[in-house]
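Colleague: In case it's useful when we look at the structure, here is the feature table from TrEMBL:
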{"type": "REPEAT", "residues": "31-64", "note": "repeat 'TPR'"}
{"type": "REPEAT", "residues": "169-202", "note": "repeat 'TPR'"}
{"type": "REPEAT", "residues": "271-304", "note": "repeat 'TPR'"}
{"type": "REPEAT", "residues": "315-348", "note": "repeat 'TPR'"}
{"type": "REPEAT", "residues": "382-415", "note": "repeat 'TPR'"}
{"type": "REPEAT", "residues": "416-449", "note": "repeat 'TPR'"}
{"type": "REPEAT", "residues": "487-520", "note": "repeat 'TPR'"}
{"type": "REPEAT", "residues": "523-556", "note": "repeat 'TPR'"}
{"type": "REPEAT", "residues": "661-694", "note": "repeat 'TPR'"}
{"type": "REPEAT", "residues": "695-728", "note": "repeat 'TPR'"}
{"type": "REPEAT", "residues": "763-796", "note": "repeat 'TPR'"}
Amino acid sequence: MKHGIYFFDHSVLTTAIQDFTAVIREDPSNAEARLYRGRTYAKQQQYRNAIQDLAAAIHLDPSCWQAFYYRGCILQQVDPKRALQDFSVSVLINDTQENFCSFLHRGIIYSKQCQWSLAICDFESVIALNSSVIFAYLNIGLILLLHLDQYYEAIRQFTNAIKIDPLNVRAYLCRAQAYHKIHNLSNAVKDMNRAIHLYPNKSQLRILRGRYLMDLKKYELASLCIHQLAEIDEESFKSQPVQQALIQSFCQNHNKAIESLRKAIATQPEPSMFVLLGKMQMKAEKTKDAVESFKQAIELQMTSAKILHNAFEAAEMYYLMGLCYMEQTNLLQARDAFNMAIRLHSSYPDAFYQRGLCRMQLGQAKCIRDFNRTLALCPSHFQAYMSRAAYYGSKGRYSKAIMNCNEAIKILPNSARAYFYRGTLKYQNKTFKAAIEDLSKTIDLNKTCILAYYNRAICYHQIKNFRKALKDYGILILHELSKEIIFKVLINRGLLYMEVSDYANACEDFKEAALLSPGDLSSKIFQAIGICYHRLNEFEEAVRSFNQVIKLEPISVDAYIGRGNSYTESGHEAGLKLAQKDFLKAIHLNPMCTKARICLGYNLQVHGKLQRAWNQFTVAIVIDPKCYTAYDGRASVCLQMGENFAAFQDINAALKLTTTAPLLTNRGVINQLMGYLSCAMKDYQQAISVDPNYALAYFSAANIYFHNHQFSQAYCYYSKVLKLEPRNESAIMNRAITNTILKNFEEAREDFEKAVCLCPFSAAVYFNRANFYNGLKQYEQAEKDISTALSIQPNDALMYRLRADIRAKLGFNKEAVEDYKQAISIQEQIDCL
């Protein structure tokens with residue numbers, strides 16, 4: 001026995017077998033001899049004899065863990081299930097360091113069976129028994145890296161392997177791949193450098209380092225790395241043209257790559273070589289040449305005896321040909337190519353998907369069937385869900401499209417594209433807040449996604465969050481964008497500024513947009529500029545803008561109305577006449593335009609042509625019985641004509657159509673003129689409840705309180721008016737008088753000072769302040785103010801009388817008598833009239 005073991009240890013296997021056979025003849029129950037002869041047969045690859053001897057050893061000695069172990073090693077490839085049983089029995093008998101290899105081999109079988117947790121447990125047992133086994137660390141790390149996505153733990157395992165053997169190239173390679181997975185590219189490159197240092201002539205190591213450098217966006221270093229590889233291994237590449245072509249393709253030298261492959265095909269014309277050439281030509285955007293290459297590959301494939309075994313390869317050729325046709329927009333040929341790919345390989349999800357895209361571009365509803373088939377074959381096909389979402393979105397079925405985006409996001413949770421498209425669908429579905437959430441997520445994932453900022457700004461605009469909308473538009477303007485996008489941003493931001501009554505900024509945006517606008521939109525932009533200038537009270541500029549519109553579009557009714565309104569606001573007689581001509585021109589162009597008739601009605605009212613104005617408002621009502629502005633305008637004409645009841649009826653008709661603060665205030669004024677003060681007050685209060693920021697309602701209510709001697713309430717309402725309109729001179733004047741009555745003299749003095757600053761040429765202001773000073777017995781200041789009032793309005797008997805009273809108190813009797821005489825003279829003239 002010892003003689004045989006000696007020869008076994010020194011690999012003299014034939015002699016060892018003879019010795020072990022002699023022992024077995026003498027002692028058929030010798031389990032050890034059976035074990036060693038079985039191991040010797042295994043070394044000679046006589047596996048059948050080896051298994052028989054090992055089985056006999058187990059039968060003779062069921063506690064022989066080595067026999068189970070070695071039999072498991074032999075069965076590992078041919079019968080993994082029995083091998084697992086043998087390794088399990090072996091470790092059950094002996095689970096010490098002596099038998100760690102059983103754990104190791106069992107872990108390998110579990111790995112092949114994809115039982116990752118069991119495999120890891122066995123490799124961890126190996127490490128616990130023998131911590132120097134690098135293979136165990138590597139296997140745990142690879143399982144964590146490739147199958148469980150536990151990249152940080154994988155890095156720890158590879159690091160442990162490197163600590164044990166700092167020269168283990170495989171450990172560095174695996175750790176580099178793990179670092180690449182967590183986007184720690186700098187450490188990945190360092191590990192590749194270490195591996196290259198250990199094996200400087202391994203071309204694949206340099207290729208991997210080049211890829212990692214490209215991911216780091218260090219393109220020059222990556223290119224240098226690949227070029228160094230080509231120089232170092234130049235002779236090798238000459239004998240391997242395919243490898244050389246791949247390297248040149250990686251360096252984006254597509255023409256050189258194609259040339260290398262053509263040389264290879266000249267000596268080795270195989271279908272796979274033509275397919276690779278076609279792929280290179282596709283990268284070089286030579287799709288016509290690529291189609292020819294794929295056709296040649298198909299011809300060679302058809303003549304091959306292995307056609308039945310290469311169905312997928314043939315299907316892929318048609319699939320790639322279809323992609324080329326798609327690039328050339330030859331959709332019908334592309335569809336036929338994808339049909340052939342599917343016919344050859346009916347479980348080809350990408351072929352179904354591309355055929356679906358092709359059919360969608362051809363406007364065929366059957367495209368949805370292809371997308372459904374794609375997802376049935378490959379439920380994790382992200383692009384299929386996105387294309388199906390695009391199809392449903394194009395049909396207006398937004399909810400269904402959103403559901404498909406949801407599924408796409410489950411597959412790729414950090415896809416900016418999926419969040420962006422779902423956000424646009426939610427915008428179309430008018431769920432603006434939900435759309436904003438998705439678009440914000442898109443921006444978090446991709447800070448440079450211009451369209452996400454643009455669409456989010458539109459959503460903010462829709463929900464009236466103007467501040468954030470302006471912020472997004474501002475961010476867009478800061479980017480270098482195409483003229484088309486900048487134009488749209490300026491238009492949208494201009495419209496937003498108009499909505500918040502910031503007409504100055506709106507005007508600037510529209511003027512800038514006008515420089516970029518296509519010809520068919522110029523007139524609309526100048527129209528918007530004209531409206532902004534009109535709102536800014538820059539009426540001459542407004543007229544120029546509307547002139548430009550009329551020059552571009554001579555039949556623009558809105559331009560004539562806008563210019564007419566600007567002429568009207570200019571305030572001079574010539575402007576009113578020009579405005580009337582513009583309104584008449586607008587009516588001539590469109591007799592059914594109620595807006596033009598209403599503007600003409602107000603113009604005629606200003607000219608005192610009340611009947612004609614009344615006629616225009618009436619025609620507008622006939623054209624559009626629901627035009628409340630026409631009723632409001634006719635009410636104002638009726639009021640001016642003294643037809644209070646008719647005015648009341650018209651304003652009520654307007655209020656039946658809509659309830660606004662101005663209409664309620666106007667009805668209040670009519671009620672007040674008719675003597676129904678309580679009804680008027682109700683209207684003013686209702687107007688305030690409809691619009692708490694409508695100053696005229698507060699002012700009118702304050703006047704009623706003042707008339708009723710409710711001075712405290714009047715004071716409060718005048719103050720609210722001034723809070724809303726700080727430069728309202730009438731409210732300041734009335735509050736000053738109210739403060740005087742309430743004996744709030746200091747506040748009254750301040751109000752009079754403000755009134756004088758706002759209206760330095762108003763006789764009424766000086767007259768009322770003179771009364772104020774007269775009441776305070778400050779006669780000199782009173783005399784000064786009443787004299788100023790008379791210089792502005794010299795033919796007022798009441799003012800002369802007041803100045804006469806003041807001068808009498810100052811002792812200027814002679815001047816006082818003259819003022820009395822002047823007052824009497826003016827009054828007599830008025831009485832004679």
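Our numbering is plain: 1 for the first residue shown, then up by one each step along the chain.
Even glycines carry a Cβ here, placed using N, Cα and C.
Could you place these features in context, so I can see how deep they sit and what lies close by?
Modeller: Taken as a whole, the repeat 'TPR' (169-202) shows an average pLDDT of 79 in this prediction.
Counting same-chain residues at least six beyond the ends of the repeat 'TPR' (315-348), those with a Cβ under 8 angstroms from any Cβ of the stretch are 271, 275, 278-279, 282, 285, 287-288, 290-291, 294-295, 297-298, 301, 354-355, 357-359, 361-362, 377.
Taken residue by residue, the repeat 'TPR' (382-415) breaks down under DSSP into 27 helix, 0 strand, 7 coil.
Note: the repeat 'TPR' (416-449) comprises 27 helix, 0 strand, 7 coil (DSSP; helix = H, G, I, strand = E, B).
Outside the repeat 'TPR' (695-728) by six or more residues, the chain places 661-662, 664-665, 668-669, 672, 677, 680-681, 684-685, 687-688, 734-735, 737-739, 741-742, 744, 758 with a CB less than 8 A from a CB of the stretch.
For the repeat 'TPR' (763-796), same-chain residues at least 6 beyond its ends with a Cβ under 8 Å from one of its own Cβ atoms are 729, 733, 736-737, 740, 745, 748-749, 752, 755-756, 802-803, 805-807, 809-810, 826.
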Colleague: Take the repeat 'TPR' (487-520) and find every residue of the same chain, 6 or more past its ends, with a Cβ under 8 Å from one of its Cβ atoms.
Modeller: 454, 457-458, 461, 466, 469-470, 473, 476-477, 481, 526, 528-529, 531-533, 535-536
Colleague: Apart from its near flanks, which chain residues at least 6 from the ends of the repeat 'TPR' (523-556) lie with a Cβ under 8 angstroms of it?
Modeller: 491, 494-495, 498, 501, 503-504, 506-507, 510-511, 513-514, 517, 562-563, 565-567, 569-570, 575, 589
